[in-house]
Amino acid sequence: MPALEGVELKPTSRKPPRLVSLDVFRGLTVALMILVDDLGGLIPAINHSPWNGATLADFVMPFFLFIVGVSLALTYKKLTCTKLVATRTALLRALKLLIVGLVIQGGFFHGLHHLTYGVDIQSLRLMGTLQRIAIAYLFAALCEIWLVKRNNATTITASEKSSPLNKYKYQWVLAFVLTVIYMALLYGLYVPNWNYKIPSDSFSGPAKVFSVKCGVRGDTSPACNAVGMVDRKILGIQHLYMKPGYTRTKQCSTNSPNSTAPLWCQAPFDPEGLLSSVMAIVTCLIGLHYGHIIVHFKDHKNRISHWVIPAAALAFVGFCLHIFGLHVNKNLYSLSYTCVTAGAAGLLFTGIYVLVDVCGYKRPAWFLEWMGKHSLMLYILAACNILPMFLHGFYWQKPENNILRLIGIN
């Protein structure tokens, strides 16, 4: 380890080929994201679950985090620079993602049908999809840089030959510690009563103040969970997501038989909050493990067996936790949700690997592969409605006469 520090390793002259199945998996996830974003409002079955449970849309974020982990394992297969330089590079990349996320999801753009932009810094949404990915990416990259025992010699020890994954044991220790911390905070923190304001309909009128009664520990309901409390205390309630999924629960629905909805139904809540991002890091670390298997096992059968067994085990554990009361919950990024989605990601990735890299069905998947290679651009342009908003900006005489209207998209 010490011999590596301060020594710059020259990169190999030949760049290793890309793993096609990983690009296809990333492209499939982008396509899935665009599908649920565009049709989720019309088909509730694929829209994000209002609270407990999981739908098709709830697998998108964990799939991205899993893919980030796999990619990092391949990226840092061999350090081509010092650890400090690699750390600085990781920090800069995470910062770029964070800034893009703040611009795209912070409220700067006012929606598909509004040709306006700009955001009050006091109400800027601080967390979001890209921000969470940036946090998980940074933690996983630092783990791969600093928590891996690397030999600068060409010889490989007997223990590394017999069990090559032992060199990553500290990463698993960290994943376990993060899980324990998350569970301890989720079920141990005291959630007091809290207030929030809703601006008045009139510009000059006073804001309406609502008080939500909690005074509990270990509650995982929308109103009194520790995840929301941490975000309100650290980020500030004005910087949270203003349209949380729990507004679609039966309690908050206008079609509910109850004449009055609970007071918390209109309160902000961020599904990509701080405490819930702890388990997002764990998902990324699970992806790292799958990438390590690619690095150390070259035989297809070995890779598949090392992927399928833990993936099936994770999914089984997640379902059991859900049955026994630790519900699958995307908003809280619960332990059961982590297990189920990471297991699903592992199984789906294995299936794609078998079809594309083992059986050679690459040509039918070329479009998904292309999407995977340009995933960030497609996410910004399509999923965040930047391209439709740009097209809306070109119109004839009045905004309603725009290009999208001309081709039949209202």
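Glycine residues also receive a Cβ, built from the backbone N, Cα and C atoms like all the rest.
Under DSSP, residues within the domain 'Heparan-alpha-glucosaminide N-acetyltransferase catalytic' (18-141) fall into helix, strand and coil as 82 helix, 4 strand, 38 coil. Residues annotated as domain 'Heparan-alpha-glucosaminide N-acetyltransferase catalytic' in TrEMBL: 18-141.
Residues or ranges marked as transmembrane segment in TrEMBL: 56-76 (among others).
Per TrEMBL, transmembrane segment is recorded for 97-117 (among others).
Look at TrEMBL and you will find 129-149 (among others) tagged as transmembrane segment.
Outside the transmembrane segment (170-190) by six or more residues, the chain places 143-144, 147-148, 215-218, 220, 225-227, 229-230, 275, 278-279, 281-282, 285-286, 288-289, 332, 334-335, 338 with a CB less than 8 A from a CB of the stretch. The transmembrane segment feature in TrEMBL is assigned to 170-190 (among others).
According to TrEMBL, the feature transmembrane segment maps to 274-295 (among others).
The transmembrane segment annotation in TrEMBL covers 307-328 (among others).
Per TrEMBL, transmembrane segment is recorded for 334-356 (among others).
As annotated by TrEMBL, transmembrane segment applies to 376-396 (among others).
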Sequence-distant contacts of the transmembrane segment (334-356), meaning Cβ under 8 Å and at least 6 residues beyond its ends, amount to 20-22, 24-25, 28, 54, 58-59, 62-63, 66-67, 70, 179, 182-183, 186, 220, 279, 282-283, 286-287, 290, 300, 303-304, 307-308, 310-319, 321-322, 326-328, 362, 365
Other same-chain positions with a Cβ less than 8 Å from the transmembrane segment (56-76) and lying at least 6 residues past its termini are 16, 19, 22, 25-26, 29, 32-33, 36, 40, 45-49, 86, 129, 132-133, 136-137, 140-141, 144-145, 148, 272, 280, 283-292, 294-295, 330, 337-338, 341-342, 344-346, 348-349
